[in-house]
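**Student:** Mind having a look at this structure? Questions to follow.
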Amino acid sequence: MRAVNLKRPCPFWAEDGHCSIKDCHVEPCPESKIPVGIKAGSSNKYSKVANDTKELEDCEQANKLGAINSTLSNQSKEAFIDWARYDDSQDHFCELDDERSPAAQYVDLLLNPERYTGYKGSSAWRVWNSIYEENCFKPRSVYRPLNPLAPGRGEDDGESFYTWLEGLCLEKRVFYKLISGLHASINLHLCANYLLEETWGKPSWGPNMKEFKRRFDPVETKGEGPRRLKNLYFLYLIELRALSKVAPYFERSIVDLYTGNVEEDADTKMLLLNIFQDTKSFPMHFDEKSMFAGDKKGAKSLKEEFRLHFKNISRIMDCVGCDKCRLWGKLQTQGLGTALKILFSEKEIQKLPENSPSKGFQLTRQEIVALLNAFGRLSTSIRELQNFKVLLQHRR
């Protein structure tokens, strides 16, 4: 379950491509189905003690999801100041939704799966074009291969593009590969859960081989498809590395992921720790220490530029015209942003106190949900890729 604001306006252009297809719609959770610990409106409170306040009681009695109680205890005021101070720090890589906003809704991700909805065309292309053209350190004179919005409809073989890319520093090459990997992952989900036919009002979803080949086949993409898939694996390793790095944060006894259901909370914590244990069986995912390792002033400046570019991409996701696509686009972008935040906070994580809230590093509930679900999406992408390989072999 995730809180998301799907009504935030696009900050870059007047959105004129809103998807009216029914499969674009997101069905929010009724308030009665939201666990008490989640709808408390306190994104950093994981324990029962932290949630057992008048603030929670007021929230339970509210008639509208996201209703704000304007009365705050001194303890809550101090907590908000501390969270705001941290959220405004330089290590925040993503634009997060305000869970206390009246426009925020709780959505069951299992009931709103990521799949092809019919949202496509110039509106969808404009979002990705803006991401690549304005946020991947790329000069406008260098065109991405197969970009339909580029002059000549993207028929360039990519030679000039990859010559430019190889000339970039490591950090900027990594940035492009992360965005390309995210794009590939999302496209794989859409190909694997495509609307194949609709008979008597009952849609049939499944793998679309033609769409998969159009996006990833070496011949149809002039060699670009395999590069995209390689970047998908690279992104997977990055997020796997982040999970292994953040394990000490969750292994502390003070973190219990409180929702109000004691048994489920204990099971969730155990399953989460099992995931972290699995990540330790493959320790060398990616060595982020090689990044931002130049002179101190230059490294700090480059890291800040890196962070601002990624934060801008998270804002572009509010320009997606399909609610379901926007939901999953925002979630996966925020998941990657959270992974980056973790990778560049190693020292702060190592200094965490065992039995008291941390001030040097903390994650909101929204960031935790995004991190784990984004990694789950990447894992699913790789599984779906294997399924497509099997289907291709059978067709031969």
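Numbers run from 1 along the shown chain.
Using N, Cα and C of the backbone, Cβ positions are placed for all residues, glycine too.
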**Student:** Going by TrEMBL, tell me which one of C319, C322 is disulfide-bonded to C325.
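**Tutor:** When TrEMBL is consulted, C325 turns out to be bridged to C322.
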**Student:** If you count CB neighbours within 10 Å, which one among the binding-site residues T117, S180 has the smallest count?
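**Tutor:** Least crowded of the binding-site residues T117, S180, by Cβ count within 10 Å, is T117.
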**Student:** Out of R115, T117, W128, S180, which of these binding-site residues is nearest C322 (disulfide bond) by C-alpha distance?
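**Tutor:** Checked the binding-site residues R115, T117, W128, S180; minimum Cα distance to C322 (disulfide bond) goes to T117.
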**Student:** Do you know offhand how many angstrom separate S180 (FAD binding site) and C325 (disulfide bond) by C-alpha?
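**Tutor:** Cα-Cα, rounded: 17 Å.
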